[in-house]
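Taking it in order: structure first as structure tokens, then the write-up.
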Amino acid sequence: MAQKQLKEAFVSNLNGTTLLEISLGFSVAPLCLLCRGLLLILYYLHYGKPLSLRKYNLLLDFVVLISPLLFSCTVLAPVIFCVPPIIAAICAGIFSKICSQRKHDGGVSFRQIVNDFQKTYLDPEYIPSITLFRVYVNVLTSISILAVDFPQYPRRYAKTETYGTGVMDFGVGAFIFCNALVCPEVRQKSCATQPKFSFLTRQFFSIWPLIFLGVGRLVSVKSIEYHEHISEYGVHWNFFFTLAFVRLAASLILTIFPKSKSWIVAMNLAVFYQLILNITSLKMFILHGSNGKDTRVGFLNANREGLLSLFGYLAIYMASVQAGLYLLKRRNSVKEWIEALRSLILVVLVLFLFLHLSQVHIDPVSRRMANLPYCLWVLAHCLTFCIGFVAIDLMLVFTKLLVRGASVPCSWNVLQPAHSSKKHDMETVPAKGESKLLHICLITAIDKNQLLFFLLANVMTGVVNIMVDTIHSKTSFALGVLHLYMFFNCLIMYLLHAKNIVLKFW
């Protein structure tokens, strides 16, 4: 068998894993973030100054925030159920050390900190959990697109053939969710003052980079005969085209319907699409083509998965707009965010209930069709991921209240708590170096050039696959290649950010 066919067979006919395993795997990212924050606070408590050298910041971020994810989806995958408890135990140990060190040094009582925690005011202009979610989806996707070609990456994590839940199946929908969270309609950028036609025209021209990238990927894949899984999107279609058309269609819909009702549009769209799948022959067409023998003759047959799954992805996008509006709602205090967390947890529980019912009575999850269960699954897991980051941010806020002057990059700026003494006010105001620290954070660096990071990851994945026989690689070699690949991508983003360079394609 030729190398191209061998690699295609390596990622074909897979059935995914359980929802529980995926949930546990994704909990590693927020826990790593908590661990990094606690380590920085402990360092400040011990040395009386923040970690300032950029090379140390980069190494710390990579070792604590990136490496555990690489190990979790490769050599630690067989024991993934043990990884989150171990990291949580490490975090608990560091927090205990901070508390004991603080008692030794004296200061405001722990009980007073607990009482003032809910009264603490946060910077309402910056919500770090949204940035963290978007960056980590990008990072996890970048890891997976190369790791999947190595045997150390479990086959159950790769994209499923027809039905099932794989880690990479979630990544596709999560990318749609990420884009909707910060779309112009959610940020209320220009769309409120511009005429509808002018805004639509602007949106039409804003998607040209995605179209350009889609065409570039199509031409490059076909010209070098790079391996591809046809049943993902079709012969000519790819995810860049999906993202572009979903964004454009969503902008058109949101000029007709109020954005505050986008969840209703999403629900109707997903239910109607599932109804059509069930009562017509559309499902059979997507899975087996017009002749029932998997024909790829004609543009629609050739790209049926990519074209028809647009309805499901559009439903995810519209629901995500509603989620973005809720998350970006102005909240000033810890108490308000705790109340928001309760509401989000309730929504997630309802989504998981509907997911269970839909899988039992309608259809299993299918990324290939982007059916109703897939939409529910993506939304439930994305919101769960967001809840995790918000909870971690609040934990870091509490820890920063314990240690005067401590700061953590890419976390909430703690403002003065209400009804507290002047002395305690001084302890809760962020250190002057906090804003500076934000500029040497790997998370912030990737966030500034997200599209470039994803594009670089795709290019480097292709280069590695051309140069390396990934399928027959040994474990040590595979881990080395994956770490070098991710470190190179992160280093480029870090250097660009250090030079204050933001590359925009539009």
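In case you wondered, yes, glycine gets a Cβ from its N, Cα and C as well.
Positions annotated as transmembrane segment by TrEMBL: 20-45 (among others).
For 65-95 (among others), the entry in TrEMBL reads transmembrane segment.
Sequence annotations record features per position, and here TrEMBL assigns transmembrane segment to 131-150 (among others).
Per TrEMBL, transmembrane segment is recorded for 162-183 (among others).
Annotation source TrEMBL lists transmembrane segment at 204-224 (among others). Listed by sequence, the residues of this chain that lie at least six past the ends of the transmembrane segment (204-224) yet keep a Cβ under 8 A from its Cβ atoms are 236, 238-241, 243-244, 247-248, 451, 455, 458, 462, 466, 505-506.
Per TrEMBL, transmembrane segment is recorded for 236-257 (among others). Sequence-distant contacts of the transmembrane segment (236-257) (same chain, at least 6 residues past either end, Cβ-Cβ under 8 Å): 172, 175-176, 179-180, 183-185, 191, 196, 199-200, 203-204, 206-207, 210-211, 213-214, 217-218, 264-265, 299, 302-303, 305-307, 309-310, 313-314, 317-318, 321.
Positions annotated as transmembrane segment by TrEMBL: 264-286 (among others).
For the transmembrane segment (306-328), same-chain residues at least 6 beyond its ends with a Cβ under 8 Å from one of its own Cβ atoms are 127, 129-130, 173, 176-177, 179-183, 185-187, 232-234, 237-238, 241-242, 245-247, 249-250, 253-254, 259-260, 262-263, 265-267, 269-270, 273, 282, 285-286, 300, 340, 343-344, 367-372, 374-375, 378-379, 382-383, 386. The transmembrane segment annotation in TrEMBL covers 306-328 (among others).
Taken from TrEMBL, the feature transmembrane segment applies to 340-357 (among others).
Distant neighbours of the transmembrane segment (377-398): 19, 22-23, 26-27, 29-31, 33-34, 37-38, 41, 113, 117, 120, 122, 128-130, 132-133, 136-137, 165, 170, 173-174, 176-177, 316, 319-320, 323, 327, 334, 337-338, 340-341, 344-345, 347-348, 351-352, 355, 365, 408, 411-412, 414; these residues of the same chain sit at least 6 beyond its ends, with a Cβ under 8 Å from one of its Cβ atoms. Annotated transmembrane segment per TrEMBL: 377-398 (among others), in sequence order.
Panel annotation: around the transmembrane segment (451-471), residues 3, 6-7, 10, 138, 141-142, 145-146, 149-151, 209, 213, 217, 220, 224, 226-227, 478, 481, 485, 488-489, 492-493, 496, 503, 505 of the same chain, lying at least six beyond its termini, place a Cβ under 8 Å from a Cβ of the stretch. Look at TrEMBL and you will find 451-471 (among others) tagged as transmembrane segment.
Tertiary proximity for the transmembrane segment (477-496) is limited to same-chain residues at least six positions away from its ends with a CB under 8 Å from its CB atoms, namely 54, 58, 61-62, 66-67, 70-71, 74-75, 139, 142-143, 146-147, 150-152, 442, 445-446, 448-449, 452-453, 456-457, 460-461, 464, 468, 470, 502-503. The annotation transmembrane segment is assigned in TrEMBL to 477-496 (among others).
Among the stretches 20-45, 131-150, 264-286, 340-357, the one making the largest number of Cβ pairs under 8 Å with the transmembrane segment (65-95) is 20-45. Two recorded stretches are said to be in contact when at least 3 C-beta pairs lie under 8 angstroms, sequence spacing 6 or more; the transmembrane segment (131-150) and the transmembrane segment (20-45) meet this definition.
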